Amino acid sequence: MSAAPARPRPLIDALLPVAALAIALMLFSLFVALEGQAPLEVLETIFAGAFGDAFGWQNTLLRAAPLILTGLAVALPARAGLVIIGGEGALAFGALGAAAVAVPLAGSPNPLLWLAMALAGMIAGGVLIGFAGALRQWRGVNETISSLLLSYIAVALMNHFVEGPLRDPASLNKPSTYPLAPEAMLGALPGLDVHVGLAVGVVCALLAWVFLHFTVWGFAVRVVGGNPRAAAMAGLAVTPWVIGLCAAGGAMAGLAGMIEVAAVHGACNASVLVGYGHAGILIAFIARQNPLAVVPAAVLIGGIGAAGSLLQRRLDMPDATVLVLQGILFVVLIAIETLRGHAWRLPQLAAPRHSPTPALAAKTDVSV
Amino acid sequence: MHVDAITAVLLAMLGGAIRVSTPFLFVSLGETITEKAGRINLGLEGTLVMGAMSAYAASLHSGQPWLGVLAAAGAGAVFGLLHGLLASLRRVNDIALGIALMLLGTGLAFYWGKAYIQPQAPTLTAFHLGAWSDSPALRSALDINPLFIAGLVLAFALHWAFANTRLGLTLRLVGDSEAAARAAGAAVIPTRIAATVFGGALAGVGGAFLSLFYPGSWNEGLSNGQGIMAVALVIFARWQPRRCVLAALMFGAAGAIGPALQSVGISSGYYLFNAAPYALTLLLMALTCSRDTSLKGAPGELSLNR
C-alpha cells in the first residue's frame, strides 16, 4: 500500500473483471473435478442452461430484471463511498409496499395503479436504506452492518404483515397478501417472453449512468465519494448526498420488489426472497459500480442462477452449485483488486506499509 | 398476563439466553481477537454456517460429536486463513472480502450439506444443572451445554491473555498502531493472519453448537445472521472478551422473546419479536457510535469506524 495512489491503467483495469471470471471458472472447475464431475460438462451445462436456447435466455432475462435493480442498489451508494448490503430487505419492503397499496387501489386505471405500486415500493426501499445512510452520517454507524441488520428487520416485518394483518385468508399453505387483479399485472415486452421489468431495469441503469456522468450533480457525487473531506471543504453538502444516494439505491431494490410482485408472483409472499438482494452486491462489484456495466453483470449472474435447475436435472448436482460458483467469483474479484494499477508487478504478501494513516485510507477506499 | 405466565416467559428467556447465546459468544470472541489485530472479518457468518455443516457431517460419520466440534474449528480456521491471507494483499478491502467469503462459505456449506439434511447425527449432551428443581421450566433452562461453559472459560482466559501475555500485547500493538508495532519489531502481517485464523476457528465452533446442540440438526436456515450480529456485538462489548459474555446473553434473551411468548399462548407479533435481536443491535450501535470521535476502546487500525 504505497502512499501514492494507484496509477490508472484503463485497459488492464477494464480487463481485471474478465481475468477474475477466467480465474474463477478455473477454480470452480477444480472444485467440480474434486467432486467427481467432469468440469467441461458442468460448464457446458451452465452455459446451455443460461444462454443455450430461447428458454434459457428467457429464464436468464427474467432473473436479470430484478438483478439490474438490486445491483444499482449497491452501486449507487458505493459512488458515495458506502458498502450497502441490505438490498434483500429493501426488496422485501418494496414488495410489501407495492402489495399493500395494490389492494385498496384495486380497480383504478392501470397506469395509475402501476405508478402507485412502483412509488410505494421505491419509497419503502428508499426509506430503509436511506436510514442506513442517515445513521452513518449522523451517528457514525457503519453502514455495511446497519444495512444488513435493517434487512433482517425488514424481512421480519414483511413476514409479520404477510402472515398477519395483510394476509389473504384464502392463502392456506403459503401465506400471501391478497392477489393482484390479472389486469394489474405487468405484461410482457412486445415480442419477448420477458416482462416489462427488464425494460424498467435497463432504463433505470441508463438514467443512473447519465446522472452520474453527464450532470453537475453526478460530478458532485464523485467528489463526495472520492474524498468526503475535500468535498466538505469545497462547500458540498456531503450528508444529503450520502443519504440521498442510499435512498436512491434502496428505491431501486424496492422497485425490484414491486416488479417481482406485479410481474411474477402476483402477490407478496416469501417467494420474492430468493437472494436477488444479496446477488446485487456481487453484480455491483463485477460492474465496478458503473450503472451501465450493471446490466451485463446482471445478465451474467442471472444466467448462472438460471442454470441451476438444469445442473440439478441433468447432472444431479445440488442447486447450491451456482452459489459456490458465485462465491468463488466474488472472492477472486475482490482479491484481484490487488493487481489494479500494478498489473506488471507481483503482489507482495508482506509488503511493508509506510504508516497507519495511508493504510487506513486505502482500506476505506470502497470503490475497491 | 398472570404472574405464572410472566414467570414462565422470564424463565424461558433465561433458558433461551443460555441456550442461544453460545454461538454469539464464540463468534464475538473470535471477532474480538481478529479486530484486536486490526482486521475485520464479516465472513464469519459464512464460517458459522460452514462450521455447523462440517460439525454435523463429522459427527454423523464418526459418531463422535466432539470430533464434529473439532472439524468445525478446522473448517473455520481454513476460512480464517483464506481471509487472513487475501486481506494481506495490497488494495484488498477486508470488509468487501468478508462479504465475498460469506457468500462462498454459505454456498459450500449448502452444497456439501445437501446430504446431511435428513440423517440424524449424534449431538452434544447437556449438563442437567437444574435437577434439584421441581419446575420443569427451570430444569430445561438449566440444561447447560458444555460449549457454553467452554465459552465462558475462554472469555476470561482471553481477557487475561490480552493483558498479561507477550502474545496478547503484540496483538494489541499490531491492532492499535502498525507503525509502533513495526518499531517494536512485531511481525504485523503474520500476527493479523494468525488472529484471523483463530477467530475463524472460534466462529466454526459457534456453528458446531447450532448443528450439534440447538436446534441440533443441519438445515440451510440454521443461522439467521448470528455471524453478522456478532460484529455489532463486539462493538457493544468494546473489544473486551468479558463483556462479550454479557452481550451474548443479552442477545440470546432478545432472540428468545418470540418463542417464550408463544409458549404461553401469545403468538401475535411472533415475527416482530424475531426481529428483536437485530433491532437491539441497531439501537445499541446508534447509541454507542459517534460521528466525530473513534470509538472508545477501538483498535486504531480498524477500518470499521471510518
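Keep in mind that glycine also has a Cβ here, set from the backbone N, Cα and C atoms.
Taken from TrEMBL, the feature transmembrane segment applies to A:12-34, A:54-75, A:82-106, A:112-132, A:144-162, A:196-220, A:232-256, A:262-285, A:292-311, A:317-336.
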_Same-chain residue ranges lying at least 6 outside the transmembrane segment (A:54-75) that approach it to Cβ under 8 Å_ = 48, 83-85, 87, 90-91, 125, 129, 192-195, 197-198, 200-202, 204-205, 208, 249-250, 252-253, 255-257, 259-260, 263-264, 276-277, 279-281, 283-285, 287, 289-291, 294-295, 297-299, 301-303, 305-307, 310
*Which of A:12-34, A:82-106, A:262-285, A:292-311, A:317-336 shares the most C-beta pairs under 8 angstroms with the transmembrane segment (A:196-220)?*
A:292-311
*Okay, the transmembrane segment (A:12-34) and the transmembrane segment (A:262-285): do they have at least three CB pairs under 8 Å, pairs separated by 6 or more?*
no
*For the transmembrane segment (A:12-34), which partner among A:82-106, A:112-132, A:144-162, A:232-256, A:317-336 gives the most CB pairs under 8 Å?*
A:317-336
_Are there residues at least six beyond either end of the transmembrane segment (A:82-106) with Cβ under 8 Å to its Cβ atoms? List them, or say none._
66, 70, 73-74, 112-113, 116-118, 120-129, 132-133, 136, 143-144, 146-155, 157-158, 161-162, 166, 177-178, 180-181, 184, 242, 245-246, 249-250, 253-258, 260-262, 267-268, 272-273, 275-278, 280-281, 366
_Can you work out which residues elsewhere in the same chain, 6+ from the ends of the transmembrane segment (A:144-162), have a Cβ less than 8 Å from its Cβ atoms?_
83-90, 92-93, 95-96, 100, 128-129, 131-132, 135-136, 175-177, 268-270, 273, 277
